[in-house]
Structure formats: structure tokens, C-alpha cells
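Engineer: Reproduced below are the annotations present in TrEMBL:
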COMPBIAS  39-57  compositional bias 'Low complexity'
COMPBIAS  58-84  compositional bias 'Gly residues'
DOMAIN    92-167  domain 'Pel9A-like right handed beta-helix region'
DOMAIN    200-348  domain 'GH141-like insertion'
DOMAIN    503-638  domain 'Right handed beta helix'
REGION    33-89  region 'Disordered'
SIGNAL    1-24  signal peptide
Amino acid sequence: MRESLDSNVRHVKLLVAASLTAFAGLAACSSDGTSPNLAGGDSSAGGSATGGADATAGAGGAAEAGGGGSAGAMAGGGAGGGGEVPDETGTRQAAYYVSPSGSDDNPGTASAPFKTVTRARDVVRTVNADMTGDIYVYLRAGTYSLTDAIAFTPSDSGTNGHRIYYQAYPGEKPVLNGATQVTGWTPDTGNIYKAKLNRTTKLRNLYVNDARALMTSKRVTSRGGVGTYRVTAGQQSWAWASGSGSDGAKYDLDAVPAIASNMDDLEIVNGTTWNENIVCVRDVTTTQDNFRALLFQQPYGAIAQTPGWNSGFSVSGTHTIYNAREFLSSPGQFYFDKTTGTLYYYPRQGEDMARVDVQAPIAEKLIDIAGDSTASRVENITFQGITFANTDYNLYSVGESRGKATVQGATIYVAYGDGNWHNSKYEITDTLPGMITVNNADSIDFVGNVVKHSGNEGISFINDVVNSTIVGNYITDIAGSGITVGHPQHLYVGDTGPHQKFGPGVEGICKNDTISNNLLYDVSSLPGFGGHSGITAFFVDGLKITYNQIQKTAYNGINLGWGWRNFPDSTTCKDNAINNNRFIDTLSRLHDSGAVYTLGQMPGTTINENYVKGIPPATSGPTYGLHNDEGSAYITQNDNVLDIDPGVKYTINCEDFGAKHHLTILRTYATVNKMGINPPDSRIDPPVAVPDNMWPAAQYEICLSSGVQEEHRGIIPSSLLAVQDYVFPASASVASGTKTIKIRSTGAAANTVWLAPAGTGTFTEGATMTKAAGDATSIAVPASAGTYKLHVVDAQGEKLGESAAQLRVR
């Protein structure tokens with residue numbers, strides 16, 4: 001049962017405290033092993049490429065069970081643990097400790113910890129049926145290797161309004177790692193190295209020195225289809241209709257070599273304006289008319305050709321073929337020969353193969369939280385301060401074939417059927433698993449974690465996940481969406497179609513969830529996954545997406561809604577908010593979208609005070625600052641600031657097309673004003689054009705307030721955002737005589753912040769230079785008219801840098 005109102009208020013307070021504690025841990029040891037300048041420090045924290053510290057915690061001594069308040073002081077201590085006290089609030093029933101150097105035969109005390117999280121979970125199951133306080137499971141520093149997901153069921157729930165915390169021990173950095181380390185590299189030919197890997201299946205993902213490597217590839221032109229694969233409705237469970245598709249594709253002989261080994265590991269990727277598809281190969285042959293033919297794994301090869309709107313796999317046009325030894329010719333590429341168990345790698349510049357950290361993923365999920373029904377959920381669990389790293393994904397399986405194809409978004413076709421997926425009410429499609437996957441759950445919180453190097457999605461709340469939060473996390477290098485919420489089949493709840501994924505009593509809308517203060521960087525990154533969004537939300541109710549920074553996505557930043565104009569009677573998507581977010585460099589690979597993309601009616605939804613920076617021109621396909629697509633209705637979309645290329649097709653694509661209606665879009669400021677005809681029953685002001693992006697004070701403050709808030713700044717690596725650009729993130733124009741302008745703190749009071757002309761090296765207060773303390777949140781505006789930049793100087797007088805943004809005093 002959901003906790004009482006009083007305990008719910010307590011949960012919110014605990015969540016804030018937990019987030020601040022996790023932030024401190026991330027600031028002390030960031031995902032790349034160094035402390036971000038944004039947290040006010042610059043010392044190296046060490047750690048391996050998996051994100052874990054090299055040393056594991058040793059013995060300590062603390063009260064493990066009973067008693068209220070915080071745990072006792074640690075005696076003795078191991079790595080990073082000596083003398084520290086776990087930060088706990090409220091009554092504690094019990095605490096358990098886990099360490100990579102422990103043993104599952106131990107009692108799980110600080111001095112004799114368990115070895116695995118699974119063992120700790122199993123012990124918690126014996127004491128959580130009638131909880132009298134919170135239960136803490138502390139993960140000490142080090143790497144916890146997983147070959148499969150840790151499963152949580154309703155028997156793992158917090159009870160009586162109390163919570164169970166799986167969290168990093170203070171100051172330490174545990175890593176749940178879904179990979180095995182590959183060592184013993186020796187030279188092969190040229191610049192290529194090789195090593196043995198004990199594995200018998202295809203390897204699609206590899207992570208080297210904390211960065212993604214890519215399968216070998218070659219871009220070629222297809223000369224059309226080869227052969228015919230026929231389907232008869234009902235021949236198998238996946239055959240929903242009769243039809244046929246090409247059995248393969250053909251290429252010029254000089255474009256594709258005669259690949260003779262591991263042909264079933266080959267993949268072909270094609271792209272459309274807004275989508276990418278993957279078809280796997282079963283054989284390579286030469287045709288009678290002297291073309292190289294790559295024959296598809298079936299039936300998925302035929303399934304991939306069925307999605308409508310020309311978005312499915314096409315046997316003609318440009319293809320990229322992946323995963324042949326013959327293509328290994330570029331730094332950062334790999335090839336795994338499963339027949340010989342040999343992994344080949346072409347090092348990037350600066351990689352020393354005698355010291356390199358290579359992680360070959362095994363697991364597809366690390367955490368799998370699954371309740372039984374809407375009446376039997378997993379409840380009241382928090383995951384805090386943990387690094388989740390390195391997973392694989394071997395694509396969707398139908399019969400003996402694999403692949404990944406769809407019409408749009410973070411979805412996948414699962415059967416051969418009608419290419420118009422509206423006709424099946426999206427039963428023909430599914431979502432992908434996430435590194436962290438949650439279903440039928442209540443009050444599950446992910447706070448201050450690092451989620452990185454995923455072969456599929458990042459965090460997925462799929463079905464009936466309610467009152468749950470994703471706050472203060474750094475989510476990076478994700479193949480698909482960084483975060484996914486909901487499912488396309490939630491168009492209606494309780495309907496009884498022939499292929500419903502969720503049965504009666506199991507299906508539920510994801511409701512009252514929060515995604516806030518996260519940094520999502522380099523998501524939808526993997527070829528074939530480009531159509532995924534930074535955050536994907538289907539039919540959701542009360543979802544709050546606020547104060548996130550979403551940067552470097554192949555497609556849009558946020559997808560909200562589903563159903564297009566086809567189901568105006570659907571009522572499941574409503575009361576959502578996308579407010580105060582910052583979008584940087586979205587649409588880097590695909591087009592026909594914007595930083596935020598909406599579909600269908602969603603009463604009570606707001607998209608307000610977001611800052612969009614870096615939408616490209618419409619040279620390869622249409623681009624927009626924001627995109628309200630078919631059926632978008634009952635949305636309030638005010639006070640957004642769009643710093644976008646003037647070559648976009650529309651500033652906002654909210655034109656009268658696709659049954660859009662009841663849109664309110666006011667006070668948009670943008671670098672360009674390009675709009676279509678307004679849809680009916682709508683109030684849409686033309687954007688105020690500011691071509692030089694020197695924003696008025698009110699719009700500058702929207703930019704300043706957008707994105708990750710001050711208390712979570714430690715999740716942003718300085719490599720992504722220099723301190724001066726954090727302090728002063730957008731250009732502004734103010735009238736002469738304006739007293740002050742707001743800024744963000746540098747995080748260190750000993751710093752000094754200056755407004756001064758560009759290139760200034762010596763600083764003196766005067767008419768053209770003003771200063772403020774490093775922790776100030778405003779600074780005086782120079783008295784003289786002119787253009788200024790913000791400079792940060794440290795306590796030793798060294799200039800750390802000057803802002804990209806400018807202040808114009810007119």
C-alpha cells in the first residue's frame with residue numbers, strides 16, 4: 001500500500017537530502033574519474049574506466065541493526081571509509097554492507113560485508129515484511145560484475161511507509177558493471193590488436209577507456225532486392241498478415257567483399273528522415289548477374305520492410321554494413337570473431353594497448369524491477385550514488401532472426417502485419433529494454449547515479465510505474481533513449497485486443513513520475529537507434545520533466561505523447577509538464593523534429609520556460625525549434641527561448657496540419673521568426689525575433705534558470721561546460737544604467753567574477769569592469785556602453801576563462 005500522507009512528505013524530504021548526498025559523492029568522484037570544476041574542485045579522484053575505484057573498502061565497525069537516527073561512527077576503515085558516518089535521516093531498522101572483497105557467507109556487517117547485491121537483497125527479504133524503520137544497503141567502493149540483471153519483486157519492497165536504500169557508502173563509488181574486462185592484447189596486422197574473449201555470441205558493443213567503440217562498417221549503395229520471402233497469416237505467432245518482402249539486398253562486387261565467416265553477425269542499417277532500422281544477415285552469396293547478395297535473417301528481414309510511411313527498411317538506397325573483419329580500418333572500431341574467440345581492435349590515438357581498459361558487455365540489463373500487477377507492485381526503494389555501466393543488446397528476436405525496425409521513435413516492430421500501426425492500436429510494436437527496467441512499481445527513486453554505456457535504453461519506466469523519480473543523475477553514452485516512460489499500447493487501458501502486451505489488472509499508465517535535474521549527454525548515439533529521443537514519454541499522466549540538460553542527441557530532445565490524430569477519444573495522456581529544461585545540439589543526425597516533439601491531445605500539459613540552443617538548418621531535412629506534430633492539442637507552450645539556426649524550416653512547427661488544435665503559444669523569443677498558419681482554436685503569438693541572440697533581461701533569466709539547478713551542478717563534467725559558461729550561459733542586452741544582472745555561482749567563494757571586455761588579462765574595477773565574489777548570484781553592470789564577457793579568476797589570480805556569451809550594454 002502507498003505510504004500515508006505524512007510519510008509521503010517525509011519521503012520528499014528524504015529524497016532532497018539523498019539527492020544532495022549523492023551530488024556530493026559525484027562531485028568527489030565524477031564519472032570520468034575527475035572532480036568537475038563546477039563542484040568547486042579540481043583534484044583527480046582516480047578510478048578505472050568502468051567508473052569504479054581501484055581499491056575496495058575494508059573493515060569498519062558500525063551498529064548494523066535496530067536503533068533510531070544515524071549509524072554510529074566507523075571505526076578503523078577501508079578505502080575512503082575511515083571515520084565517516086552514513087548520512088541517514090529518520091528511523092533505521094537495519095543496515096547491511098556489501099563489498100567486492102566481501103563474501104556472501106558473511107553476515108553483511110561493516111566488518112564482514114556481503115560480496116553481492118543479490119545476497120543483500122535476499123537477506124533484506126527476510127526482515128522487510130513489517131518494517132519499523134528504513135533499511136540501508138551500503139555498497140562499498142569497487143566493481144560488482146554482473147552477467148544478468150538483479151531482479152526486484154514485490155517481496156523486496158519497503159513496507160509500513162518505510163524505504164529500502166541501495167546506496168553508495170559516503171565518499172565511495174560502487175560500480176555495477178555488466179561487462180568483462182578484456183586483457184592480453186597483442187599486435188595483429190598494421191595498427192590492429194587482438195585478444196582472446198571467451199564468448200560464443202555476437203558482440204555489438206564495446207567500451208574502451210570509458211568510451212564507446214563501434215563495430216566495423218562500410219557505407220555502400222544497394223542495387224535493390226534479391227529473392228522473395230513469403231508470409232502466410234497464421235503460419236507462426238508472428239505472422240499476423242499475409243504478404244512478402246525481399247529476401248536480401250545486392251551490391252556491387254567491388255563494394256562488398258566475399259565475406260566468408262560469421263556471416264550471421266553482419267548487420268545492415270538504413271536511415272530515413274526520422275528513423276533508422278537494422279536488419280541482420282544470414283548468408284553472403286554472389287548472384288548470377290554478378291552482384292554480392294546479403295541474405296536477410298528471416299522472418300525479421302521481412303518484418304523490417306513492413307512499417308509504413310516509407311520509414312521501414314528499404315532494400316534500395318544507401319546502406320551501412322556493419323561487423324565484418326574486412327572493414328576494420330579505422331581507429332575506434334572493433335570486430336569479434338565468435339568462431340575463434342578473438343576480439344580485434346584498432347586503437348584510437350593515445351590508447352596504449354598495454355594499459356588500456358577494455359570492457360566487453362555481457363548483460364543486457366543491470367536492474368529489473370517488476371511487480372506482478374497494479375495491485376501487487378514493487379514499492380519504496382531508492383538507488384543512490386551508484387554507477388551503472390556497460391551493457392549489450394542483441395536486438396529483437398523473432399524465431400531464429402533478429403533485427404530492429406519501426407515507424408518512429410523508441411519502438412520496435414514485433415510481428416509481420418499491417419504497416420499502418422494505428423490499425424493495431426500499436427499492438428504490433430513494443431519498447432526496448434533498458435539498462436534499468438521498471439514495471440508495476442510505486443515510489444521507486446533513482447537519485448544521483450551515473451548511467452552510462454548502454455547497448456539499449458538507459459532507464460525505462462514502462463508499465464504502471466507511479467510516484468517515482470529520476471533526479472540528479474548523469475546519463476551518458478546510451479544507444480537509444482536516455483529515459484523512457486510509458487508504452488504505445490497505453491492508448492487505452494483495459495482494452496482487450498488480440499495481441500495486448502499487458503493483461504487486465506497488469507496494465508497501468510505511468511503516473512505522477514518526476515524527471516528532474518538530470519544531465520543527459522550523447523544519447524540515441526548508436527547507429528540504428530537514431531530515432532530515439534533523449535527522453536521518450538508515450539501516454540503518460542502527470543509526468544514532470546523539469547530542470548534537465550539534454551545535450552547531443554541524434555533526434556529530438558524530448559518526445560511527449562503518441563497516437564497522432566488517430567485517436568481523439570484517448571484520455572490517457574494528460575497533465576504533463578516540460579518546463580525549465582535546457583537543450584543543446586539536438587537533431588545532430590536525423591530531422592523533421594525539434595528540441596521538444598509532441599503528438600496527440602494532452603489536456604493540462606505545459607511546455608514553458610525552456611532554453612533551446614543549437615538546432616541545425618534544414619539542409620538535409622526539415623528542422624524546427626519546437627514541433628507540435630499531428631493531433632497535438634490542449635497544450636500551453638509559453639516563454640521559451642530558441643537560439644536556433646536561421647535556416648530552420650519553422651521556428652515552431654505548430655501549423656494547421658494533422659488536426660492540431662487548442663494550442664496556446666505565447667512570448668516565444670527566437671533568433672528567427674518562421675511560422676505557418678495557426679491551427680483552429682489556438683492562440684499563437686509570432687515569435688519575437690532576436691537575430692543576434694542578445695536576449696532581453698527577462699529572456700536571459702529564463703536561459704539562466706534553465707537546466708540543472710545549483711544543488712545538482714556537480715553532475716556536469718567541466719569537459720562539457722566550463723565554469724564561466726555555467727555562470728553566464730547566454731548572451732544578454734540591457735540598457736545603460738541597469739544596476740545588476742543575475743548570474744550563477746562559480747561554486748567557490750575565493751574565485752572572482754568579472755564583467756570586462758573580451759580578451760582582458762588584467763582586471764581593475766572601473767566604468768568598463770565590474771566584479772563579484774565567486775559565490776555571488778548577481779554582478780554589477782558596467783557603466784559604459786559596450787560589449788562584455790564574463791571572466792572567472794581563481795584565488796591565485798589565474799584567469800580560468802571567459803564566457804562564450806556576451807553582455808551588451810546599450
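Numbering starts at 1 and runs along the chain as displayed.
Glycine is treated like the rest: Cβ placed from N, Cα and C.
TrEMBL: automatically predicted annotations, no manual curation.
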Engineer: What is the three-state DSSP composition of the domain 'GH141-like insertion' (200-348), stated as helix, strand and coil residue counts?
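Structural biologist: Its residues fall into 10 helix, 69 strand, 70 coil.
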Engineer: With helix taken as DSSP H, G or I, strand as E or B and everything else coil, how many residues of the domain 'Pel9A-like right handed beta-helix region' (92-167) land in each class?
Structural biologist: 11 helix, 25 strand, 40 coil
Engineer: Using DSSP, tally how many residues of the domain 'Right handed beta helix' (503-638) sit in helix, strand and coil.
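Structural biologist: Once the DSSP states are binned, the domain 'Right handed beta helix' (503-638) shows 0 helix, 58 strand, 78 coil.
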Engineer: Please compute the mean pLDDT of the model over the domain 'GH141-like insertion' (200-348).
Structural biologist: 98
